[in-house]
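Student: Structure in structure tokens, see below.
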Amino acid sequence: MPGFRTQFQGYSVRFSPFEPSKLAVATSQNFGIIGNGRQYVLEMGPEGIVEFRVFDTMDGLYDCVWSEENENILVSASGDGSIKVWDLAAPPAANPLRSFEEHTHEVYSLHWNQVRRDCFLSGSWDDTVKLWNLAHPTSLRTFAEHTYCVYAAQWNPQQADVFLSASGDCTVKIWDVRQPRASLSLAAHQYEVLAADWCKYNDCIIATGSVDKSIKVWDVRMPEREVATLLGHTYAVRRVLFSPHVETMVASCSYDMTVRLWDYAAPEDALVRVWDHHTEFAVGLDWSTLVEGLLARPIGSVSISSMSEGDLEQQAAPPGPQPAELSALQPDAAARPSAKDLSHDDEDAAEAAGLERAGSADGDDDGDADGGPPFDPSFAWPSPPFAWYQDALLLLVLGGAMGAFAYGYLKAITEVTGLWMGADGTGYPAPTAFHFGGGRPWWIGLCGGTGLAVGLAKAALRLDKAPTFIDELRSMHTHLGTSLKVAAVALLGLMGGMPMGPEAGLGATAGAAGLTLARMRGFRFDGQRRQELYVLSAMCSCFAGLMPNAMTAVLLVLELGRPMVLASSFTFMGLVCTLGLGATAAFVVYYAIAGYPYIDPIITGLSVDSFRRYNQQMGIVEGILFGIMGAALAAVYLVLAGLTRTVVGGARTWLDARIGLWPRAVVLATAGGTAIGALGWAMPLTLTDGAGMLNAILFRSGQVGSSALAASCFSKALAYHIAAECGFHGGLFLPMLAMSSMLGAVFINVTGVNPTVARSCALIALGCSLVPSPFAMAVLSMSALTVGPQGLVPIFATACTSYFLCLGVGWPQRLVELSAKRQAAAASKTP
């Protein structure tokens, strides 16, 4: 049979994902201990296996992987810690196309993302895994929780952001690149884990191979116990690989010089076949995804389908499930595993093979994986194609457009509400307009009419439920049609005085604008991540008009959105700078048009002596007390939420059964608007988002009255929940500031607390309890009330205390979980 003889020992072989006849083979001189490397690209044809391309390197190569985007791009893992990128279509002088040189020890594993197709992983003996994109000159992120060599890193075949890593620290870790730390750390074996792979049909099943000679199959949803244990190898298992064509079939190879085929779901003997004719260590495998039943099994090699010195030939598949094979035959010498592939118990095997521990394997680790200059990777290196600069320019323009849009959107809300709330001699927004009964009876009809308009609009637009702006922030994705519908319906409700914030409508429109621009722009590299960046930047820009400054908007988006996956792609500070560009442009445009931000900074009016005494007091104790107040108010807020959901939910179910979905939407919105109008007639502070009332609440609370303020606080909370449950769309951020300020104003009226401390702390006390953005809240309060840097001390104490006592302890999350369980139980009983 025809064969091909490589000059060096094979360490890895991979079938091309584009052409079934092509193989990439990474090889190393002297069994990878010392010497050069050579990357082969071979082609199988009628006349046998022939050399297609060859690339030489100064150090041995341990792994290789094909690009999933370009059939001509190949990447190799080198013993000098570098990652070489080759272009098969380029002339020899142009290769390597690129060399990434961040790892400090041997790179032992490579794997390309088969879902997103624009990034790949590298696992190294420096104990880290790195995420790469060919469009970036540096790694996107480093995963550094392992405490010993990383032998394998594999993307989940179905989930674009999930991967596993197998390490000599005896663990397999499951990662989600959107999260800051590993999602799961599995103590898979008692000895080093040398291999791991995902099942191609069930993305919760993995297989692991270890120095303890066993293969284990795990369900990561139940990591307490393995699904199956496959025993039979007599030395360390070097590679395990699930079949791409048979769900329960696993191939493995070992230092016992055998390749084995298993069916882990078999009721009795899981072993399907053994190839035991090899005369050297078998350390690599690969299944062809394009030709069913074709398996490459190198001998004396590492990684997937590798070859050592010897002949590579193709054999026919035997009857049954056994695959055809590509084997390395007639070796010149016995290949030896690297020292790091063997446990201390297997060092006698290494000595029997004539292997001495190399310094690079055990290492004199004078510099660890985290060493080097204390700088983040650059994100805006000025070289072609200047992708960041192109994106920055577009996002700057988009930010300015969002600032102008935010002005128009907010102006429509404030002008219309001010027009009808100030009519008929109410004196709005003077403090005297906020007494009990300060509203007008016809407000009930106006708010009911608003509800009717909202209900009809929802029915006409077929908009029942929609994601919140926080959901869209965290997913960094929006649906164009739904977003525009939400913006229009939210505007109708807000102009009618509904006690909700404009951030939902602004965020929805901005997300749609960012997505549209990204699609018009088009991306050659890293398209998914850059599209998410455009959506996030647009939303951040729109929020900048709401805030006292652009920095608060950026902080809010970072805390609420938690875009760690973008931080890993563009570096954290790169993300901050990019968001800051758009937010600053939006703020400048908004301010240039309006002359003031929506939450207008309020000068405290302290005299010089009062200001000096205020700065000397610190106010930490007061800040903590207001944090406790915020957590207590949050408890009442959630109780009202539960009661409202129960009552309105029952009415919704009853109406759905009798009149159907869209008539129910109209009836419920009309009834909700009428109820809110009644509350607004009795307590005018109930209506609107509350931003225009903050000055009267905080600085003229004595004229409003403590009883009116306290009652309005709870009335506004109830009205917000009625609006949310009855189908209105809006945010909770600004109403929370108003509610919390009302209760703080009561404390100013009835106690001797320092009013400046009380105002600045009360403003954010409730928000920090229920919105996971304490830093943005603290900066907002300091900026809005212009209390200076010393004023941040009690504010920050409030933010931390309130957040800790509520979301930190976790009782709101527990209540939501219990509510969801009750709803699920009720749904299961419904016939």
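Just so you know, glycine gets a Cβ as well, placed from its N, Cα and C.
Annotations per TrEMBL:
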COMPBIAS  351-361  compositional bias 'Low complexity'
REGION    307-377  region 'Disordered'
REPEAT    69-88  repeat 'WD'
REPEAT    100-142  repeat 'WD'
REPEAT    143-185  repeat 'WD'
REPEAT    186-228  repeat 'WD'
REPEAT    230-272  repeat 'WD'
TRANSMEM  392-410  transmembrane segment
TRANSMEM  533-558  transmembrane segment
TRANSMEM  570-599  transmembrane segment
TRANSMEM  620-641  transmembrane segment
TRANSMEM  661-683  transmembrane segment
TRANSMEM  704-722  transmembrane segment
TRANSMEM  728-750  transmembrane segment
TRANSMEM  762-785  transmembrane segment
TRANSMEM  791-812  transmembrane segment
Student: Taking the repeat 'WD' (186-228) alone, what is its mean pLDDT?
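Tutor: Taking every residue in the repeat 'WD' (186-228) and averaging pLDDT yields 92.
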Student: Are there at least 3 C-beta pairs under 8 angstroms linking the transmembrane segment (392-410) and the transmembrane segment (704-722), leaving out pairs fewer than 6 apart in sequence?
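Tutor: Checked: the transmembrane segment (704-722) vs the transmembrane segment (392-410), no contact.
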Student: Looking only at the repeat 'WD' (69-88), how are its residues distributed among DSSP helix, strand and coil?
Tutor: 0 helix, 11 strand, 9 coil
Student: Could you pull out which residues elsewhere in the chain have a CB under 8 Å from any CB of the transmembrane segment (392-410), counting only those six or more residues past its ends?
Tutor: 380, 487, 491, 502, 505-506, 509-510, 513-514, 517, 521, 533-534, 537-538, 541-542, 544-546, 578, 581-590, 593-594, 598
Student: What does DSSP give as the helix, strand and coil breakdown of the repeat 'WD' (100-142)?
Tutor: 0 helix, 18 strand, 25 coil
Student: Six or more residues out from either end of the transmembrane segment (762-785), which same-chain residues have a Cβ under 8 Å from its Cβ atoms?
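Tutor: Sequence-distant neighbours of the transmembrane segment (762-785): 547-549, 551-552, 555-556, 558-560, 599-602, 604, 626-627, 629-631, 633-634, 637-638, 694, 698, 732-733, 736-737, 739-741, 743-745, 747, 756, 791-792, 795-796, 798-800, 802-803, 805-807, 812.
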Student: Grab the same-chain neighbours of the transmembrane segment (620-641) for me: Cβ-Cβ under 8 Å, and only residues 6 or more beyond its ends, written as numbers and ranges.
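Tutor: Contacts with the transmembrane segment (620-641): 713-714, 717-718, 721, 739-740, 743-744, 747, 753-754, 757-758, 761-762, 764-770, 793-802, 804-806, 812, 815.
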Student: If we skip the immediate neighbours and take only residues 6+ beyond the ends of the transmembrane segment (533-558), which ones have a Cβ under 8 Å from one of its Cβ atoms?
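Tutor: Result: 391, 394-395, 398-399, 402-403, 405-407, 410, 469, 472-473, 476-478, 502-503, 506-507, 509-511, 513-515, 517-518, 521, 566, 570, 575-576, 578-587, 590, 597-601, 734, 773, 775-776, 779-780, 783-784.
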Student: DSSP helix, strand and coil counts for the repeat 'WD' (230-272)?
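Tutor: Across the repeat 'WD' (230-272), the residues distribute as 0 helix, 20 strand, 23 coil.
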